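This report refers to the structure that appears directly beneath it.
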Amino acid sequence: MSVTNNHVYEMKKVAVKGIAKEVKEKTSGEDLFPLVAIGASAGGLEAVTQLLQNLPPDTDMAFIYVQHLSPDHKSILTSLLSKLTLMRVQEVKNKMLMERNNLYVIPPGKEMIVIDGHIKLIPRRKDKIVSLPIDAFFTSLADKHKEGAIGIVLSGNASDGTKGLAAIKAGGGITFAQDSSAKFPSMPNSAIAAGAVDFIMSPKEIAAKLVQLSKHNYVKREVLKVGRENEIENNDPDLKIILNLVHTDTGVDFSHYKMPTIKRRILRRMFLYKIRTLKDYAKLMITKSEEINLLYQDLLINVTCFFRDTDAHKYLKATLLPKLLKSKTAEETLRIWIPACSTGEEAYSIAMTILELKTELDLHVNVQIFASDLSKMAIGKARIGEYALSQLESLPGNLLQKFYTKADNNYRIAKAVREMCVFTQHNILRDPPFSRVDLISCCNLLIYLDAAAQKKAIATFHYALIDGGYLILGKSETTGASSHLFRAVNSKLKIYTRKKNFAPRKIPELLPRAQTPTPYVLNNTNKLLKNPPNHSNSFDSAIDAVLLAGYMPASVIVNHAMDILQFRGTTDRYLKHASGKASLNILKMAPPEIAFELRSAISKAIKEKKPVHKAGIEMKIDGLFRIVNIEVISLPVEWDEPILLIIFSEPELAEMSGAPGSGKNTSIAKDRRIKKLEEELAATRADMHTFTQEQEAFNEELQSANEEVVSSNEELQSVNEELETSKEEIESSNEELISANEELQTRNDLLHESYDYSEAIIATIHEPMAILDKDLRVKSANKAFYKNFKVKEKEMVGTLLYDVGNKEWNIPRLRILLEEIITKNKHFSNFEVVHTFPVIGEKIMLLNANRIVQKKHGVQLILLAFQDVTEIRVKSLELLQKEKELFNKNLIERKAEKVKLEKAVAERTMELALANKELVYQNNEKEKRSAELIIANKELAFQSEEKEKRSAELVIANKELVLQNTQKAKLAAELIVANEELLFQNNEKEKRANELAIANEDLMAFNYISSHDLQEPLRKIQTFSSRILEKENERLSETGQDQFKRILSAAGRMRQLIEDLLAYSRTNSTERTFETLDLSAIIEEVKAELKERIKEEHAVVEVISSCEINVIHFQFRQLLFNLIGNALKFSQAGRNPHITIASSTSLGAKLNNKKLLPKVNYCHISITDNGIGFEPEFKDRIFEVFQKLHTQEKYQGTGIGLAIVKKIVDNHHGIITAKGELGVGATFDIYIPANN
């Protein structure tokens, strides 16, 4: 039974594993789907609305929307977008799994990255100058999902998204940017300019394209999971055609690059054109030539950034570069080469680091950085040195401010950094390298090359570096099979040093520069074919070929080194390959029986230069002895070297049986064999004698020449090494000169553009301008000069300025000024010349001059500008005359009006003063005033003062009318308007006074009700509740007792509230009698009143200083009572209250409060405590009525205490401010006029 159960268990276990595996495979297939990242900023909501409205909900893609959002506000973006699509719209949560047909929206204050199909949220760093959430997410998506990523950049400012789109494109994904329909085009335009965009479309067109893409195999990840590039063989003829087309057009042979990467790039281009076969894509490349360059740019993977490998750059700055800089003298140059520099970020990173080190170490070493790349477009961008802000995000510290200047929407590299770098187009597998280099930084190039190309590149670097020079590779790269050339300095950072090599330097074998691949054409059947070879159609040649093939004797063609060059006929009977190393030497292939004869015949033929025949040679062929004849003939043909024809033949009846026969036959055979051996021996002796004589002669010659050869050989060896070195240096120098020439050509073009720009500006300016040399001769002038002064160019150029025209410029003072520009001053301005010109008449000119120094040639010039102010002066005189006439006309009228107006203003001012006094008297008589009455009264007083000031200003303004003739009409109108304003304001104030009087009566009635009708019932509630609680306590349940206690508590709070309201009202209603008192005396009164509370709280009230103050006694006592009482109430738990009161008298101008009148003396009172404090945002709110920052259970009170304090300060025409810090304490500053 146990065995049976175990068997069943094992079967179930196997079944479960199988099901799990099947589910896993199915799930992994389903989980692979395209991810569409959408980035936008300003104007992006409108664009993404159009996109979503045209997208179906079932594209089997996941969409992630990254919008620039404020971190301080809650986003409603999710709810807005959910109304535009049937897809599920969600705000991203941390580690949320992405699913197809869903739209995910970034939350505020976060950035996002992708990890294993999930979105991880990262808090937005506050120390970052600019947040770039689009770049961060796009780059992460490209890194993880490669071809499965699609990037879209819509409307927005700045350049966020450019770097991310470039990463997606480099990873094989598809990229989009919004076209001119973008409301804010900076973001899409930046990506387009960087070459990171495949499609430029409107949002509606992007939606349609996404629908098409969703149905294509390229983005169906079920296909990609096995890698479609694996279906293409490396030797596929159509693939070779495509690479040959690129090679022919660009000169770059990509057959040395890793094929999977190349094939993925080609598949990507095919996908963009909806092409499914390599053959069709090759046809497209032939018919549409620009596609070759587009594929070429895709194959050149330009992925880079500033300070890309942080750890390597830290090591460079801390160790390697200081060591290299210190090893050079001031006359030497530190040479650095950066292959595959892309758009220059790595070169500029090292250049900035070196400039910082030179400053820190106080070194003055010349540094030359050679940066090269295959891409002409990338080199062009590197030379310009302009980058978007998103590309500069990785710059550490203050390098952005230190080495870059703002240029439109981008940032331009500083001149000092730019001049250190030379950028050139260069192919390390084909072009000669730079030489005598101290450091090479080649990161992430070798990973794209096959093993042979990697070996060739490493050998090139070894040649370029000096002994002990350094090589830096990428994190995934090593020296591999060339490790014998380099020694690791830091294996982790992939930094190597060149091993010393005592063998002479040799440039590694490079690909030929002008290697032309086989061209391809389209025939009339629309198939790709190689150009067919040319065949002879000669009838005679065909017959000869057949006859020779059938009857050609066995023969070979050899050179004088006895190496076989060609075989003719059947030679395998006489020559066979020997075992061991392969060789075509005829003596090694010939059997021993004929080898000696062959050597002898060949030597004789070479020496005598005539045919040599050897006959009767016995050799065993196919088990039988045969007679073989050999003929050696010197061929009289033009060839690279002398050649010989060797013919093997067998005479008829040459076969000899190898089997034993009759005695007679055996005897004959022996005799023939002996005779043959004797002949061979005689021939051998003759040959040996000849060889001996020749050898002796050669030995004598060699002996005599040996010493000369040895010495000459040493000299030649030395010379050869020098020539090799010189040749290499010349080639490297030539390469550098080419690079420098390209650099100079670029700078020359920029210079011409700047010159044309300057010339266009000068030609456009309407003011005359002239350029003078140091002798004050005219070198050139603009069109305005010739036009205004009616002179011709040929009359001007080369002429002294003083001789121009009728010598109108021969002015002594002008001459002195111009001569001093060269020797002393650099410029002068607004020199006035009044002159009558013979053609244009009298003119008034203002002359301005500036010195121009051409540093390179040491030439000093003067730029002289002329401004014609004649018309301005004439118009000014006419205007002045008219103003004088107007003044004379209106003077008498204004005098009469002034007297009349002064009288009216004085009368009205007196009336206002009397009315104001009456209002003040009435206000003092009223028993109860509200906050609105006091504020209105202050407003009336302030406006009355303003009117008095206005009246004085009007009087002064009238007096100024006599002197200021240009402002007469305006001032008269202002006076009339001001008078009307005064009349209107007086009427308004009278109405306001009546309204305030009515409001005051209502408030008096309210106070009466509060003090009598409300307090009396409240006292009865408290009295009866207390009696019930005392007498009926035993009869009441616990609930009843609790409820009566609550009634008493609530009544107490209400009574306190009524008393506070009455106190608040009394601050305005009671009689105001100001007294001059000592502040310390009032404080002592309050301390006595709060004595018990101070003692209970173990508090300290410290008075540091005191001053005399003019106040309403009982109100100010109430003010101090409330402030000190609050300090005791809101004390910090576990801390004894400490209250500090300080006061002093000073002018308002000396106090730190802009609301104070500068010339008024104020008593400044500061009350500070160490209580619970409050948040700074509540510093104004705490003075409002019924405002409490804490619950009733924690701190009792009505919220009126500080409002009463504010009222009392207002009654004294003062100002109160508060400041506090939670958990530390609070400070109240009171400013009261010293004389009220």
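Each residue, glycine too, has its Cβ placed from N, Cα and C.
Copied over from TrEMBL, here are the features:
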DOMAIN    32-217  domain 'CheB-type methylesterase'
ACT_SITE  SER41  active site
ACT_SITE  HIS68  active site
ACT_SITE  ASP160  active site
DOMAIN    227-499  domain 'CheR-type methyltransferase'
COILED    674-754  coiled coil
COILED    877-909  coiled coil
DOMAIN    1009-1236  domain 'Histidine kinase'
For the domain 'Histidine kinase' (1009-1236), mean pLDDT (0 to 100): 79
Under 8 Å by Cβ from SER41 (active site), same chain, sequence gap 6 or more: GLN67, HIS68, SER155, GLY156, ASN157, ALA158, ASP160, PHE184, MET187
Least buried by Cβ count (within 10 Å) of the active-site residues HIS68, ASP160: HIS68
Assigned conformation of ASP160 (active site) - DSSP reduced to three states: coil
Structural state of SER41 (active site), classified by DSSP into three states: coil
